[in-house]
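Questions regarding the structure given below will be posed in turn.
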Amino acid sequence: MGKIKIGINGFGRIGRLVARVALQSDDVELVAVNDPFITTEYMTYMFKYDTVHGHWKHSDIKLKDDKTLLFGEKPVTVFGVRNPEEIPWGEAGADYVVESTGVFTDKDKAAAHLKGGAKKVVISAPSKDAPMFVVGVNEDKYTSDVNIVSNASCTTNCLAPLAKVINDNFGIIEGLMTTVHAITATQKTVDGPSSKDWRGGRAASFNIIPSSTGAAKAVGKVLPELNGKLTGMSFRVPTVDVSVVDLTVRTEKAASYDDIKKAIKAASEGKLKGIMGYVEEDLVSTDFVGDSRSSIFDAKAGIALNDHFVKLVSWYDNEWGYSNRVVDLIRHMAKTQ
């Protein structure tokens, strides 16, 4: 199999990091990027310098012309088209398109990319109607006739592997999740208008902001056996990257906290290696910046009330870990063709 050729629509946080992942991969080739709101020159600057993930050090990046970026000797075509139907992905050779604008998240809107010659589209956000896949949890349910998929959310990617391990080993009766989540681009630097979510309009770097999240309910879509058993909420906190899931569950089978730790450790070294992590050191959020795993279980942070009721804590780099999974999902789809 030749290299998997991908295009990226939307060069925001996830778009740029998916590009970084692709450019460091031997089996994936970034061939095109579309963003109507930034110039090619500005694109090179935004890609090269990153407050959280640091300078790009893997190759020189320069402008060949206003339609081409050069990463070392590797040319990447740049488009600035607003209407996804009109982006000529086919001409650029992009078979897989990462839809990371945050705008075209439903099936019909994302399908517009197919008209420009893309063969498959991966939405880097939850979708109300496109099938959602979480690598390590349900990607084996993907079939090659499906052209539009969602990689779910970063929080679902952290929660679902953890919930799967607990449910497979001990059974989950019910559970509540809280994610303590780093700020994202949708928030405000100072208090501003946010008519749908009043709290969300308050200054991100100065407040702990309670918020809603569909991440726990979405686990029921990727793990149908947990449908209706989990729900959750979010606190947005003033850090720029890395979030943490707190999952509190009642289990069917009696299990000590040690039993649970052993099951998660075994999964992290076995089937879920590279997806699930396990740490016993006294770590804090910045220690996970740049961690490519979806969910890193913090063995010391969790606590059990009794053998049926337990609180579990798992970290995730909500930018880098998630962007790695987007590329992993594309790899899996390519293998399935």
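We count from 1, first residue shown onward.
Glycine is treated like the rest: Cβ placed from N, Cα and C.
This is the feature table in Swiss-Prot:
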type	residues	note
BINDING	ARG13, ILE14, ASP35, ARG82, ASN318	NAD(+) binding site
BINDING	SER153, CYS154, THR155, THR184, THR213, GLY214, ARG236	D-glyceraldehyde 3-phosphate binding site
ACT_SITE	CYS154	active site, nucleophile
SITE	HIS181	site 'Activates thiol group during catalysis'
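Map the listed features onto the structure and describe their local environment.
Contacts of ILE14 (NAD(+) binding site) defined by a Cβ separation under 8 A and a same-chain sequence distance of 6+ are given as VAL98, SER100, SER124, GLU319, TYR322, SER323, VAL326, in order along the sequence. In the three-state DSSP scheme, ILE14 (NAD(+) binding site) is classed as helix.
THR155 (D-glyceraldehyde 3-phosphate binding site) counts 27 other C-beta atoms within 10 Å of its own C-beta, drawing on all protein chains shown.
The number of other CB atoms found within 10 A of the CB of CYS154 (D-glyceraldehyde 3-phosphate binding site), across every protein chain shown, is 28. Mapped onto three states, the DSSP output places CYS154 (D-glyceraldehyde 3-phosphate binding site) in helix.
For HIS181 (site 'Activates thiol group during catalysis'), the number of other Cβ atoms no farther than 10 Å from its own Cβ, over all displayed protein chains, is 23.
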Max CA to CA distance in Å over the D-glyceraldehyde 3-phosphate-binding set SER153, CYS154, THR155, THR184, THR213, GLY214, ARG236?
16
Determine the most Cβ-crowded residue among the binding-site residues ARG82, ARG236, using a 10 Å radius around each Cβ and all protein chains in the structure.
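Ranked by Cβ atoms within 10 Å, first place goes to ARG236.
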Taking the Cα of ARG13 (NAD(+) binding site) as the centre, which of the binding-site residues listed as THR155, THR184, THR213, GLY214, ARG236 lie within 10 Å of it?
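If one measures from the Cα of ARG13 (NAD(+) binding site), the binding-site residues that come within 10 Å are THR184.
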Checking your reading of the structure: which of the binding-site residues ASP35, ARG82, ASN318 lie inside a 10 Å Cα sphere centred on CYS154 (D-glyceraldehyde 3-phosphate binding site)?
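So the list is ASN318.
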